[in-house]
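Visitor: To start, I am sharing the structure in question, which I have written as structure tokens.
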């Protein structure tokens, strides 16, 4: 029989219950027992939503208090020794691993965090050593599975596969071949399967998303040997791939001794024919035909026609599902009461997407007539979107068509600009700055909420925001920072803020998705041509600059990041949408410069995450991404200093594209990786200024002055002294004021020590060392 199933459901809860509960636990306001009870309630709610929608096989094990990769590491005992020694409680150990601090007060350096493939979700990077051992260490998956079965759900446990788990981790200390760990790891996986089998589970979903990557031959071979060795203890295994095409890994995937294969049709429709021709006759094919990464409703008529053709070949060996876990979309469109009615009709969130998969499955089982009403209603929606006049703006399209190369070049090369900027800005050696945002207190959030709800008028709102800006400027001046920011109190999110002010973009009320841990974001929805009708940031930056003689940065989010962190229209190339955004930002940049702003930051933290997973597609993306950044940034004079910021990025393979952005200063996230990211600059002489993140803002832990100095000295191995900036890893929005002021004070002290220790006339040698400074 054709089944509807799902790969994973959002964890955060319809009202972000996960976020509120876990943060209460971190603050010591609730017990661990209360924490676990909320986990039970959230999972039961998620299972009920899916079952009522008509999903046959319910994913179990997709819930997490922080991250599913971290959960897998804890489950198999891959816990770094620095956490094992300090925590006896497994839950606190997990939180300490992710945050560098546990609710029991234990502190140490957190594990690295990075992007989950090309999404805006972040995972905690497992750490492996040459003497790594594994053991079954956590029973969370078995408890959840038992709970689902007791509540009469047909549970399909979900785990990250062994090869993807190893691939996503990193060697700590001495480098070695991670595949050597399989011998110790596979028995633990077998133990997991044995326990799931004993509970009466029929199917297990094993996620191996790295099968859509360019894999080295030894990793391809490792798939064959690993899955031949794995003992599933009579469980049926659905091997799940997503985010791209199997491509050259298709043949080996079809040889694996598993019972079913899931493919992502939405991201890689061209692979379908090859999969159908190579899939062994006994295997199930799960077709991910409902987009798990975007919010547009499915064209059910078109999808059903495609599935009917597949069914004619496979019969009951066809399953229907979303393309990937629904972790990447909001939970329930029914919670949106303020969206324009026509726009809302075009969307589908997680609850609606599992219903779409179920509708299609029913159509296959019982014939089109059984879902005739749904098909008719859906067809009306599809036509409405295609013919709506609100999507196209002739003025925007004309402006985009007129873009030429001249608009994407600064007046002179960086060396000339550098001299002019140095004379104008009068900055010291090792200039200090922050990335943009300052702590968003409950007072600020309540102020914005009251303003949006009409409880306070424009005048009072402006007065209160100005007070916040003045306070932030005063704190930075007192701390001794060199280039200041206004703190962004008016912004709820670095992308959503611009989404609210640009035409062609819609904002939801409850469209939250998980970014990392308890951090949730509300991505804008780009539904039509994008344009700027009026200045978006000017009044706040002008006011901030009026309070100080030091330079205050204009703060913008770049075109690629706005694109990456939004749900994007799918009726034109993404590059075209990015160009429209870049033109809107260009107007804003020029307005800021005309007002006297001397430093303008255009953040592109998502620049690398948008890189296609397959290298063959990189050149095309990098070409248009670089052009869009330059289109946004190059309309200014030499004297205006352009900054950009990037995070969670490995630069080795795209360093030339980073240089091609031609930003005067780039700040990058690097502290968690202990400056490893700077190895990119060993063989490539990056020509412009760099500010490698000198402390980790994602952890509440405050670094010692000596630690900051040590990282800066390490950075000087790769960056000439006259080009090195001192700054945090990222924005400070999620930190509290006590942490922020103390950490920045230490950062400024470290910069002062560095200025004393290093001559401004000479570039230091690599082996020059500082004595540890006191804190």
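Think of each number as a place in line: the chain as shown, counted from 1.
Every residue gets a Cβ built from N, Cα and C, even glycine.
Relevant sequence annotations retrieved from Swiss-Prot are reproduced here:
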BINDING   16, 17, 18, 19, 115, 519, 520, 565, 609  5-methyltetrahydropteroyltri-L-glutamate binding site
BINDING   435, 436, 437, 488, 603  L-homocysteine binding site
BINDING   435, 436, 437, 488, 603  L-methionine binding site
BINDING   645, 647, 669, 730  Zn(2+) binding site
ACT_SITE  698  active site, proton donor
Visitor: Enter the number of other CB atoms within 10 angstroms of the CB of residue 436 (L-homocysteine binding site).
Guide: 24
Visitor: Spatially speaking, which of the binding-site residues 16, 435, 520, 603, 669 is closest to residue 698 (active site, proton donor)? Use C-alpha to C-alpha, please.
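Guide: Closest by Cα: 669.
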Visitor: Name, in the order they occur in the sequence, the residues of the same chain whose CB lies under 8 A from the CB of residue 435 (L-homocysteine binding site) and which sit 6 or more residues away.
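Guide: The list for residue 435 (L-homocysteine binding site) reads 485, 603, 645, 667, 727, 728, 729, 730, 731, 732, given in order along the sequence.
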Visitor: May I ask which of the binding-site residues 436, 437, 488, 647, 669 is closest to residue 609 (5-methyltetrahydropteroyltri-L-glutamate binding site) if we compare their C-alpha atoms?
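Guide: Nearest listed residue in space: 647.
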Visitor: On a C-alpha basis, identify the one among 437, 647, 669 that is nearest to residue 16 (5-methyltetrahydropteroyltri-L-glutamate binding site); the candidates are the binding-site residues.
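Guide: Nearest in space to residue 16 (5-methyltetrahydropteroyltri-L-glutamate binding site), counting only the binding-site residues, is 437.
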Visitor: Suppose we draw a 10 Å sphere around the Cβ of residue 520 (5-methyltetrahydropteroyltri-L-glutamate binding site). How many other Cβ atoms does it contain, all chains included?
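Guide: The answer is 18.
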Visitor: If one measures from the C-alpha of residue 647 (Zn(2+) binding site) to the C-alpha of residue 18 (5-methyltetrahydropteroyltri-L-glutamate binding site), what distance in angstrom results, rounded to a whole number?
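Guide: Between the Cα atoms of residue 647 (Zn(2+) binding site) and residue 18 (5-methyltetrahydropteroyltri-L-glutamate binding site), the distance comes to 25 Å.
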Visitor: In terms of DSSP three-state secondary structure, what is the assignment for residue 647 (Zn(2+) binding site)?
Guide: coil
Visitor: Would you identify the secondary structure of residue 437 (L-homocysteine binding site) according to DSSP, in three states?
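Guide: Looking at the DSSP assignment, residue 437 (L-homocysteine binding site) belongs to a strand.
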Visitor: Please report the number of other Cβ atoms within 10 Å of the Cβ of residue 437 (L-homocysteine binding site).
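Guide: Total other Cβ atoms inside 10 Å, all chains included: 23.
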Visitor: Of the binding-site residues 18, 115, 520, 669, which sits closest to residue 436 (L-homocysteine binding site) by Cα distance?
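Guide: With Cα distances computed to residue 436 (L-homocysteine binding site), the winner among 18, 115, 520, 669 is 669.
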Visitor: Just going by other Cβ atoms within 10 Å, which of the binding-site residues 18, 647, 730 has the emptiest spot?
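Guide: Result for the binding-site residues 18, 647, 730: minimum number of other Cβ atoms within 10 Å at 18.
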Visitor: Between any two of 435, 436, 437, 488, 603, the residues recorded as binding L-homocysteine, what is the biggest Cα to Cα distance in Å?
Guide: 13
Visitor: Indicate the candidate from 16, 115, 645, 698 with the smallest number of other Cβ atoms within 10 Å of its Cβ, considering only these recorded positions.
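Guide: If we count Cβ atoms within 10 Å for the recorded positions 16, 115, 645, 698, the smallest count is at 16.
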Visitor: When the Cα of residue 115 (5-methyltetrahydropteroyltri-L-glutamate binding site) is compared with the Cα of each of the binding-site residues 437, 488, 669, which one is closest?
Guide: 669
Visitor: Taking the recorded L-methionine site as 435, 436, 437, 488, 603, identify the other residues of that chain whose CB atom sits within 8 Å of the mean position of the site's CB atoms, giving them in sequence order.
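Guide: Checked against the 8 Å cutoff, the neighbours are 434, 485, 494, 555, 601, 645, 730, 731, 733.
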